[in-house]
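*Asks:* Here's a structure for you.
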Amino acid sequence: MLNEAIKEVLSGKDLSESQSEQVMENIMNGQESSALIAGFLIALKMKGESIPEITGCAKAMRNMAVPVKLKSQYAIDTCGTGGDGGRTFNISTAAAIIAASAGVKVAKHGNRAVSSQSGSADVLKELGININLEKSKVEHCIDNVGMGFLFAPSYHSAMKNVAGIRRDLGVRTIFNILGPLTNPAFVKGQVMGVYDRKLLEPAAKTLLNLGCERAMVVHGGDGLDEITTTTVTYVCEVKDGEIRKYTLSPGDFGIKTTFYKNIAGGTARENAAIIMDILKGKTGPERDIVVLNSAAAIYIGKKAEDLKEGILRANELIDSGKAYAKYEEILNYNN
């Protein structure tokens with residue numbers, strides 16, 4: 001089947017959603033050779049992944065994931081595609097903790113570093129969080145504490161069939177896009193960063209196809225898969241079954257534009273130290289970018305009416321010590 005799919009894609013045709021779902025199912029089940037999988041991934045990348053292709057592949061991966069069952073009716077994720085080459089510290093991970101302190105239920109889906117020095121799993125481990133917590137405890141932690149970490153390899157075991165191929169190819173493929181779209185808790189809210197502005201609308205439409213209620217799909221004008229503070233950010237917002245496009249600027253919220261070097265990260269240990277400083281109230285550009293991304297998570301988590309209120313809440317939670325207290329609560333539950 002993959003042979004035929006490659007021929008179609010090479011001729012410039014888009015695969016249907018059902019074709020894409022079947023192809024991804026075969027890949028995940030180990031039914032296709034490494035050479036064919038690599039050929040398919042590169043052919044798809046060269047053509048450009050269509051919305052039906054992304055949706056079908058995401059559905060296959062979601063169907064094969066170990067499901068996380070929450071009592072909470074509404075939970076969110078703060079997860080980007082990565083692959084932006086930005087090498088910032090783990091902004092969305094810090095934002096997840098602050099959003100949880102606002103009362104948002106956060107099912108943080110993530111992995112170890114692929115192209116950066118520190119993935120969400122790496123930095124959470126440095127922060128003392130058990131990234132291999134058993135599923136029932138993660139479910140309880142999200143429902144009762146407010147945030148739990150879903151370590152991707154534990155919930156998408158079939159990914160082992162493509163891990164080596166992705167590593168050998170060394171280029172971004174559809175799997176970069178699929179990571180944030182395949183949260184095993186099937187969250188209804190999402191702040192999703194993408195590495196390419198062209199992916200904003202396809203990602204937003206795919207989220208709608210997958211039943212997402214609220215989302216902000218974001219891409220920084222500097223290339224970051226976050227809401228940035230160095231320049232404008234492009235946004236596709238999903239709300240009430242519709243997609244709205246707009247741009248954000250740090251100045252819109254009274255935040256000073258900064259230089260990239262001021263939000264750069266390092267090793268997992270260095271990034272954990274930056275996050276700890278922010279949670280303890282340190283001010284500066286690193287806090288500014290975390291507050292802006294936390295505001296988005298609080299807004300998508302339905303705990304603020306808009307981003308401006310989200311920023312006020314994020315700052316209050318940090319300054320009052322509630323954000324750090326939430327981190328300690330998560331830490332204590334995980335150990």
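Just so it is clear, glycine is given a Cβ too, placed from its N, Cα and C backbone atoms.
Grabbed the feature section from Swiss-Prot, which reads as follows:
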- Gly80, 83-84, Thr88, 90-93, 108-116, Ser120: 5-phospho-alpha-D-ribose 1-diphosphate binding site (BINDING)
- Gly80, Asn111: anthranilate 1 binding site (BINDING)
- Ser92, Glu226: Mg(2+) 1 binding site (BINDING)
- Arg166: anthranilate 2 binding site (BINDING)
- Asp225, Glu226: Mg(2+) 2 binding site (BINDING)
*Asks:* Distance between Glu226 (Mg(2+) 1 binding site) and Gly80 (5-phospho-alpha-D-ribose 1-diphosphate binding site) at the Cα atoms, whole Å?
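*Replies:* Each residue's Cα considered, Glu226 (Mg(2+) 1 binding site) and Gly80 (5-phospho-alpha-D-ribose 1-diphosphate binding site) end up 7 Å apart.
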*Asks:* State which of the following binding-site residues has the fewest other Cβ atoms within 10 Å around its Cβ: Thr88, Ser92, Asn111.
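*Replies:* Each of the binding-site residues Thr88, Ser92, Asn111 was scored by Cβ atoms within 10 Å; lowest is Asn111.
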*Asks:* Pop the Cα-Cα gap between Asp225 (Mg(2+) 2 binding site) and Arg166 (anthranilate 2 binding site) into the table, whole Å please.
*Replies:* 20
*Asks:* Taking only the Cα atoms, work out how far Gly80 (5-phospho-alpha-D-ribose 1-diphosphate binding site) lies from Asp225 (Mg(2+) 2 binding site), in Å, as a whole number.
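*Replies:* For Gly80 (5-phospho-alpha-D-ribose 1-diphosphate binding site) versus Asp225 (Mg(2+) 2 binding site), the Cα atoms are 6 Å apart.
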*Asks:* In Å, rounded, how far does the Cα of Asn111 (anthranilate 1 binding site) sit from the Cα of Asp225 (Mg(2+) 2 binding site)?
*Replies:* 16
*Asks:* Under 8 Å Cβ-Cβ from Arg112 (5-phospho-alpha-D-ribose 1-diphosphate binding site), six or more apart in the same chain: what's there?
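*Replies:* Listed in sequence order, they are Gly119, Ala121, Asp122.
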*Asks:* What residue among the binding-site residues His109, Arg166 has the most other CB atoms lying within 10 A of its CB?
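*Replies:* Going through His109, Arg166 one by one, the largest Cβ count within 10 Å is at His109.
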*Asks:* Inside 10 Å of the Cβ of Glu226 (Mg(2+) 1 binding site), count up the other Cβ atoms and send me the figure.
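*Replies:* Excluding its own Cβ, the number within 10 Å is 26.
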*Asks:* Quick check for the class: what is the C-alpha distance, in angstrom and rounded, between His109 (5-phospho-alpha-D-ribose 1-diphosphate binding site) and Asp225 (Mg(2+) 2 binding site)?
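*Replies:* His109 (5-phospho-alpha-D-ribose 1-diphosphate binding site) and Asp225 (Mg(2+) 2 binding site) have their Cα atoms 15 Å apart.
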*Asks:* If I take the alpha carbons of Thr88 (5-phospho-alpha-D-ribose 1-diphosphate binding site) and Asp225 (Mg(2+) 2 binding site), what is the distance between them in whole Å?
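*Replies:* Rounded to the nearest whole number, the Cα-Cα distance is 10 Å.
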*Asks:* By the DSSP assignment reduced to helix, strand and coil, which category contains His109 (5-phospho-alpha-D-ribose 1-diphosphate binding site)?
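*Replies:* Strand, per DSSP.
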